[in-house]
Every structure is written in C-alpha cells, then in structure tokens.
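Structure, as structure tokens:
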C-alpha cells in the first residue's frame, strides 16, 4: 500500500482529518489579528497623544508605519518561511505581535511607542504572507473557501478593533489597557498552532522559489501593480472620504457613518468573492467588481454629500472587495506553496509602498490646489491601472513558468511532465469545480 502524500493536505490521512479543524481555526484566529495594531489606535488617538505628549506630525507617522512594516517585512517573509517553516513563522509572528502590543501600550515615551508599534505591525506583515502559503500547501482544493474565511475574519478583526477600543477605554478608564487588550486575541490565536502537528514534508516535495526570481516575472510585477493600485484606492478612501464629504457640506457624524457603511459593505462581499472567483473564474468576478468603480468615482466627485452618497459608498465597498480576489489569486497563480510565497511577498512588499504614496499624494495636491479635481483624477488613474493589471493576472498563468529553473528548483523531469512547462497544478475543486473551471468559469 502506498504511503499517503504528506503534502496533500491536512485531510490526506486519518490523523490529518482529525486535526484539520485545528488548522482552519488557526488560520481564522490568526487573520483576526493582522490589522488590530493599526485600527485600535485611531479611536483613542486623542488620549494617546495627551498621555505621551505626541505632536500632530508624529501622530501622522502612525498612518505610515503600517505601510513601512508591510513593505519591509513582507519581503523577508519567504526567507524566514524557508528557514523556519510557515507554521513556526506564523506562531512566532503572533507571539511577537502580542509582545509588541503590550510593550507599546505601556511605553513611557513616543519613541518607544513608535518602535514597539512597528514591531507589532511587522509581525502582522509576516502573517499576511505566511497564511496564503499555508492555505496553498494544506488546502490546495479549498483555496476559495479558505480565502473567504481568511479575508472575512481579517475584515471583522479590523472593524472590531476600530469599534471596540474606545468602549474598552471608557470602561477601564485607561487608554493603555485598551490598547494592550488586543494582545489577548493574538495569544489565543497561537493555541491551534501549538496543538497541530503537521506531517513532515516529503523529500524534494517543495521547490524553492526565491524573491530574486520573482523580480524577473512579469506576472509578479503585474500582481504588484494590481495589489498596489487596489490598496492605494482603499487607503485614499479610508483617509479622505470624510474630508471630501465634509467639504461638500455633510456633518462630521454623517460623513463618518458613510465611511462606516463602506467598511460594512466589504464584509459580506468578502465572504462571497473568493468562492465566486473559484466558481465563475477570476476574470468574470473581477469584471463585476470593477464595474462599480466608474459610477462610484463619478458620483462621489460630482455629487458627493448629496442624497445618493450612500449609493457611492456601497459601490466603493463592492469595488474595493477586489482585495480578497487578489488574495485568492496568490494561490491560483502559483503551482506550489513556494511559488505562492514568492508571489505574495513580492506583490505585497512593493504594493504597499505604492499604496502608501496614494494618500500622501492626495494630501499634497489638495494642499497646493485646494481643489479635488486632481485627487479624483488620481483615483480614476489608479482604477485604470487596477483594471489593466487585473485583465492580465486573471488569465491562466503561473509564476513558476516565468522563473529560471535554477531559481524554482524544479527538475527537468517535472517540467517535461506538464505541457505548461511546469509541474502539474495542484487541483482546486471547490464546489465540484475543477482546475480548468477555475480559469474558464465552466463547470467540469
């Protein structure tokens, strides 16, 4: 009797099936924590500034730190994953995040607060790259379902941290305790990873894909543009929507509720987008989401603050849900977990730098011109970049096919076995849809 393939997934053996629920719980609980370090600060920023004597300029750095962390540490994640393995890397990241969240909450001065914030954010950046690799390795036939769970929980964690930090501070009477409280869910998320024991990888089962090789891939660069344009649009909307609506005569409370509506729309849409990406195919799903951008941009630009503002926010909420589709593509555009790691880290590290420039450019231009014409033009240009790059990456292609053989570690025999020039793609059978149906939208 042939031995079970250890790389086939957590359900490949009876023991694997028994502990598969731990892996699912680990992914979901980990994803909840990846943005709490970012969104927990905004709700009590006034108390934080007062307690630390933080200037407005330094407070502005808090919006830049996530971009720096995600860009810098995301690039190192593949090397760390090769050294320690994605499971150990994610466990260490969650532990480091917990320590960073507590340390920054009780930092005695601004410099240490920023330092420990960067530490916690860096851990979240590493987790962002590690989770898609784990999904690709252990759930190759459930990429859509697992990405749905991951992206939805990520959105929920982001919203909960933003909404619950101020009430916690009010109940505890201490802003430091309110910030430190978010270390608790990070510690809870470690438990499944400590209990789960994966089967050892088969010798030679996982080819090594280097980040240097990703730089030679047209697919990787296009994914970088896709991720960067989407994130830049999202950052601009999150940072400037309330200001735009206030300039159009809307009250601060009403403007904040419109931004909240945009965020709330993203949660249910994020549930269905990865599944539709697998069932319909990436391109039809992408085109449906992109169709929301033209009326949303034009509406907010020409009729912001009017009675249809809620509609523009709903359309933006649907359009920005391209994000979970991109997360799904990290798995679908690679044949191996190593390829997923290289593609994900390259696209995220460079994409976050592009994304961080978006809100800064809007603020700089608006400060010079006191007009929203150029900022909205920039938003439209980013939507065009998003559309064109999305058309490219939603066609069937794989990063391993574009990397030199020496970089991917794929044997000549492995390449000859596949007509596409690489190893046979791992199947993706969500809801009885085979791998070809993922790309064509046709049921097998």
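Cβ coordinates come from backbone N, Cα and C, glycine included.
Bear in mind that TrEMBL entries carry predicted annotations, made automatically and left uncurated.
Confidence annotation: the domain 'Major facilitator superfamily (MFS) profile' (19-398) carries a mean pLDDT of 85 in the model. Sequence annotations record features per position, and here TrEMBL assigns domain 'Major facilitator superfamily (MFS) profile' to 19-398.
For 20-46 (among others), the entry in TrEMBL reads transmembrane segment.
Residues or ranges marked as transmembrane segment in TrEMBL: 58-76 (among others).
TrEMBL lists 88-107 (among others) with the feature transmembrane segment.
Taken from TrEMBL, the feature transmembrane segment applies to 113-135 (among others).
Feature annotation from TrEMBL assigns transmembrane segment to 147-165 (among others).
Per TrEMBL, transmembrane segment is recorded for 177-196 (among others).
Counting residues 6+ beyond its ends, the transmembrane segment (219-238) has Cβ neighbours under 8 Å at 259, 262, 316, 319-320, 322-323, 326, 329-330, 333, 342-343, 346-348, 350-359, 362, 375, 378-379, 382-383, 385-386, 389-390, 392-393, 397-399, 402 in the same chain. Annotation comment: TrEMBL describes 219-238 (among others) as transmembrane segment.
Under the heading transmembrane segment, TrEMBL lists 258-278 (among others).
The feature transmembrane segment is assigned by TrEMBL to 285-304 (among others).
Per TrEMBL, the feature transmembrane segment maps to 310-330 (among others).
Positions annotated as transmembrane segment by TrEMBL: 342-366 (among others).
The feature transmembrane segment is assigned by TrEMBL to 372-393 (among others).
Here TrEMBL flags 409-444 as region 'Disordered'.
Marked as compositional bias 'Basic and acidic residues' by TrEMBL: 426-444.
Contact check: the transmembrane segment (258-278) against the transmembrane segment (342-366) gives fewer than three Cβ pairs closer than 8 Å, residues 6 or more apart, which falls short of the contact criterion. Taking every recorded stretch in 88-107, 285-304, 372-393 and counting its Cβ pairs under 8 Å to the transmembrane segment (342-366), the highest total belongs to 372-393.
Ranked by number of Cβ pairs under 8 Å to the transmembrane segment (88-107), the listed stretches 20-46, 147-165, 177-196, 285-304, 372-393 are led by 177-196.
For the transmembrane segment (177-196), the partner stretch with the highest count of Cβ pairs under 8 angstroms, out of 20-46, 147-165, 285-304, 310-330, 372-393, is 20-46.
When Cβ-Cβ distances below 8 Å are used as the criterion, the transmembrane segment (372-393) is approached by residues 219, 222-223, 225-226, 229-230, 232-233, 236, 240, 244, 247, 282-283, 286, 290, 293-294, 297, 300-301, 322, 329, 333, 358, 361-362, 365-366 of the same chain, each at least six residues removed from its ends.
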